[in-house]
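Asks: So TrEMBL lists the following for this protein:
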- 29-54: transmembrane segment (TRANSMEM)
- 29-543: domain 'Major facilitator superfamily (MFS) profile' (DOMAIN)
- 66-86: transmembrane segment (TRANSMEM)
- 98-117: transmembrane segment (TRANSMEM)
- 123-144: transmembrane segment (TRANSMEM)
- 156-178: transmembrane segment (TRANSMEM)
- 184-206: transmembrane segment (TRANSMEM)
- 274-296: transmembrane segment (TRANSMEM)
- 311-334: transmembrane segment (TRANSMEM)
- 341-360: transmembrane segment (TRANSMEM)
- 450-476: transmembrane segment (TRANSMEM)
- 488-509: transmembrane segment (TRANSMEM)
- 521-539: transmembrane segment (TRANSMEM)
Amino acid sequence: MEGVHVESDASAFRDCFSLAWKNPYVLRLAFSAGIGGLLFGYDTGVISGALLYIRDDFKSVDRKTVLQESIVSMAVAGAIIGAAIGGWLNDRFGRRTAILIADFLFFIGAVVMASAPNPALLIVGRVFVGLGVGMASMTAPLYISEASPAKIRGALVSTNGFLITGGQFLSYLINLAFTKAPGTWRWMLGVAGIPALLQFILMLLLPESPRWLFRKGREEEAKTILRRIYSADEVEAEIQALKESVETEIREIGSSNKISIIELLRTKTARRGLIAGVGLQVFQQFVGINTVMYYSPTIVQLAGIASNQTALLLSLVTAGLNTLGSIVSIYFIDRTGRKKLLIVSLCGVIISLGLLSAVFHETTSHSPLVSPIETSHFTNYTCPDYSSARNSAAWDCMKCLKSSSPDCGFCASKADKLLPGACLISNDTTKDTCHAEHRLWYTRGCPSKYGWLALTGLALYIIFFSPGMGTVPWIVNSEIYPLRYRGVCGGIAATANWISNLIVAQSFLSLTQAIGTSWTFLIFGLISVLALIFVLIYVPETKGLPIEEVEKMLELRALHFKFWEKRPKTLEKSQAL
């Protein structure tokens, strides 16, 4: 109930399903809007598998790391614009309209990608998809939050996170399903249009956000919707609290339409909300999650798995763990609170990234040697750089794979993949010749006995990331801003998320080439430490607070730099009232 502090205890998860049983309309709103999360997750996951086959179809993509990064990151660039425009669309035309526009753009992008005859048009399709994903990423949790009873708001907004990870898991299943189909990656990318079309139809049948309607003076429409969401003994108090909140804002600001950045930054509650919200969104990306999701099969291959299909299958496991983690988040988000989940999540992420860094260091520093005898077995395919090298005896698999004039690959020993193998020119003929002798062919990573440890590190990373840093930033951003600024602030935070996403996606492969995979994961680990400090100091706990009460809490809250000291009880009470 708005205007009253609602305690979220161990029964919050049970209450969510109890309410869904008694009032399925609320769950229908949440899942219909949450399909936007499914689109977000599907696009994140599908490109990681499709990229393996796009490289096979377009040789220019296979040769140029920058082109691979562009195919991935142009969707992110589109999402930056989509999220920025989405904030304005949300405040001007409503949450529902923004979701409908996002679905239309996503559908167009899926069609363009599936029919792309060259990398350039494929990138154009990726931009359209990005525009849709960017709008949906900030609008879906906002819509769910504003149409949810406070007691179970966290759990319902977590359904958006669940559908994001569910979309990623679905994308890996579809990637596997189409590995043998003609057109492989075209089917993988084209199928994305189906959920976009489904959500478009469902949203046409659903109402606008009741809080947005109140903000625009359409009170009777808002009251009708609220009466379908809340029980009879709660709805009148909710209507009154929301009405008072809107009237207070309009009276204090003097205008219900124009919002300037200066005005926003001068407003204490909005400024403090932005620090926490934008910070969480930036750190969510800079701890490296989308390098794992965009490049998961590639990372698996870097760990020494040669087969495309095996890499996809193992990536499916990480996607499944990601989905499982989001379910865990739904259970704990209103039980333990947002901040505790973030802290536990980041501690686990730091440990996992440390393990990954150590494993990849061992993998690269102890790769199999190149054998002149094994190499001479393939007379016409020897790598030119190896043939002309003065210290060829010191060459190992990693040195072979770094050759670039032309690119070279490593054909493992027939007896044991960890024994010295052959360094050969990388092309389809050489690959087929190597496979014909029942040998493994490596072009992105080397054989290693530590490969299973890398997979363990990836699994641990996902297990810790998903319940906390995976879902909580979106939940906090859906509830921490004053009503007047919610669309704009949500758009700013989502844009910050996508800009960070773009930086990471566009630089990951280049970083692994320049400084190595081990150092790249170590950098992510150090950033995770900074993220943990940020959460401890700047992120408030919003568990169980109605949205209007969150604003009051931010108004009273002082920055708590000495996070190890317990707060005075008077301050805690003032924040809860």
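Cβ coordinates are placed from backbone N, Cα and C, and glycine is handled just like the others.
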Asks: What residues in the same chain, six or more past the boundaries of the transmembrane segment (450-476), come closer than 8 Å to it by Cβ-Cβ distance?
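Replies: The answer is 137, 141, 145, 154, 157-158, 160-162, 164-165, 276-277, 280-281, 283-284, 287, 289, 292, 296, 299-300, 302-305, 314, 317-318, 321-326, 328-329, 332-333, 338, 341-349, 351-353, 355-356, 359-360, 362-363, 497, 531, 539, 542.
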Asks: Can you name the far-off residues of the same chain, 6+ from the ends of the transmembrane segment (156-178), with a Cβ under 8 Å from a Cβ of it?
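Replies: Distant Cβ neighbours of the transmembrane segment (156-178) are 16, 26-27, 30-31, 33-46, 48-50, 140-141, 144-145, 148, 184-185, 187-188, 191, 195, 293, 309, 312-313, 315-316, 319-320, 322-323, 325-327, 329-330, 333, 466, 470-471, 474-475, 478-479.
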Asks: So which residues does the transmembrane segment (521-539) touch in its own chain, when a touch means Cβ under 8 Å and the partner is 6 or more beyond its ends?
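Replies: Residues packing against the transmembrane segment (521-539) from afar: 275-276, 279-280, 283, 286-288, 291, 338-339, 342-343, 346-347, 349-350, 353-354, 356-357, 360, 469, 476, 511, 559-561, 563.
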Asks: Restricting to the same chain and to residues at least six past its boundaries, which positions have a Cβ under 8 Å from a Cβ of the transmembrane segment (274-296)?
Replies: 44-45, 47-48, 72, 168, 264-265, 315, 318-319, 322, 342, 346, 349, 353, 458, 461-462, 465, 469-470, 472-473, 476-477, 480-481, 489-490, 492-494, 496-497, 500-501, 503-505, 508-509, 520-521, 524, 527-528, 530-531, 534-535, 538-540
Asks: Under a criterion of three or more Cβ pairs within a distance under 8 Å and sequence separation of at least 6, are the transmembrane segment (123-144) and the transmembrane segment (311-334) in contact?
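Replies: No, these stretches are not in contact.
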Asks: If we skip the immediate neighbours and take only residues 6+ beyond the ends of the transmembrane segment (98-117), which ones have a Cβ under 8 Å from one of its Cβ atoms?
Replies: 33, 36, 39, 82, 86, 89-90, 124-136, 139-140, 143, 186-187, 189-193, 196-197, 199-200, 203-204
Asks: Taking the transmembrane segment (66-86) as the first stretch and the transmembrane segment (311-334) as the second, find out whether 3 or more Cβ pairs fall under 8 Å, excluding pairs closer than 6 in sequence.
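Replies: Between the transmembrane segment (66-86) and the transmembrane segment (311-334), contact is absent.
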Asks: In terms of Cβ proximity under 8 Å, which residues at least six beyond the ends of the transmembrane segment (341-360) contact it?
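Replies: Distant Cβ neighbours of the transmembrane segment (341-360) are 280, 287-288, 302-303, 329, 332-333, 450, 453-454, 456-458, 460-461, 463-465, 467-470, 472, 516-519, 521-522, 524-525, 528-529, 531-532, 535-536, 539.
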Asks: If we skip the immediate neighbours and take only residues 6+ beyond the ends of the transmembrane segment (184-206), which ones have a Cβ under 8 Å from one of its Cβ atoms?
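Replies: For the transmembrane segment (184-206), the sequence-distant neighbours (Cβ-Cβ under 8 Å, at least 6 residues beyond its ends) are 28-29, 32-33, 35-36, 38-39, 42-43, 46-47, 49-51, 53-54, 57, 96, 99-100, 103-104, 106-107, 109-111, 113-116, 125, 129, 132, 167, 171, 174-175, 178.
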